[in-house]
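Please see the structure below; I have some questions.
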Amino acid sequence: MKPIYVTEPSLPPLEEFLPYLQQIWDSKQLTNGGPFHQQLEQALCDYLGVQHISLFTNATVALITALQALRITGEVITTPYSFVATAHSLLWTGVKPVFVDVDPVTLNLDPANIEAAITPQTTAIMPVHCYGHPCDVERIQQIADTYGLKVIYDAAHAFGVETATGSILNHGDLSVLSFHATKVFNTFEGGAIICPDAKTKRRIDHLKNFGFVDEVTVVAPGINGKMSEFNAALGLAQLKEIESAIGKRQQIDARYRAAFADVAGIHCVPGAGELVANYAYFPIRVQPGYPISRDALYQKLRDQDIYGRRYFYPLISDFPMYRGLPSAAPALLPRASLASSQVICLPIYPTLTEEQQDRIIAIVRED
Ligand code: T4K
């Protein structure tokens, strides 16, 4: 039987993509803000309901550039319960990460813990919409306003997610998306910064092009973060299928939730009030009452060629480059530590068949 991975990237039919390639071959415009790059920026603004978007090679470079664009220094309050790129972006910009614990249910940065972590060096907050479930954006903004802090959302998981006020990406000073192969919307590799005004977008566009403003003017030590025409064209082709892809994810999500509703010790991580979800991940928590440990279930699945992932284990704060920080002490992060020891993300992607899902369900249910 074919192995089942945590995800399988969506791809447009190859024949639909070939005309885009033909255009690239004809024009010889391969990168540096070509026509597909411009078209994808506009198409994503329309689809996502945001004002300005700047495309990137990946979300990690976009996070670094977002921090540079807002001139973030000193200390930034963030979550240990994320992919390591969140905190790495801070180290890359010479900023000290300060970890605070997460909400026990949503697993997002808990606003109640932020104020106690603020020092005179704090300049920003970097929360993550973990698994695409929205952070408590109102409370985070209130704290940021009170203390004069910037907010940069790591929205790598949050493509297309909406709350009652519209796109979740319109909150904070900047939000960063990932279009990596493993994401709901992929351009093989890719990412973007969502920004509220044209002036900030211009600065970001300069920073992702080495700091060039025109042929002879360089205004900052920018990086090369530009998305190529190949990736942008792919994005345009992917966008045509995105609604149906998210619809299929929704069905898989619903089937898992129904199947595990009566299983003692299996807790499906709930949404966090989103009106439009993207079903990017399907995290379950293996808790007391379940007959075997999280790691035993993880291994049991692997033994049958089903490769769930323990996102996010280990915690970022447990990696060697972070664990010496005072805020990384596990005793200060009990909820994140507990979640990290309990979670398995089960396979969810549009081409996962009912039969494959039934195999996964049967193992978890111990049928
Ligand atoms: N912030 C957050 C909160 C993030 O989650 C991420 C990335 C970032 C920032 C940074 O975004 P980028 O700079 O990457 O744009 C994966 C991804 O590499 C990473 O993008 C993602 N988060 C993270 C949560 O997951 P791995 O190490 O688990 O990937 P990998 O290669 O083991 O892939 C998982 C499974 O997906 C494979 O077992 C099979 C399948 N797969 C994967 C790839 C790459 C495919 O079928 N085809 C593929 O091409 O990190």
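Please read every residue number as a count from 1 along the shown chain.
Glycine is no exception: its Cβ is also placed from the backbone N, Cα and C atoms.
TrEMBL lists these features:
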ACT_SITE  Lys183  active site, proton acceptor
MOD_RES   Lys183  N6-(pyridoxal phosphate)lysine
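Help me see these features in their spatial surroundings.
Around Lys183 (active site, proton acceptor), a 10 Å sphere centred on its CB holds 23 further CB atoms from the protein chains shown.
According to DSSP, Lys183 (active site, proton acceptor) sits in a coil region rather than a helix or strand.
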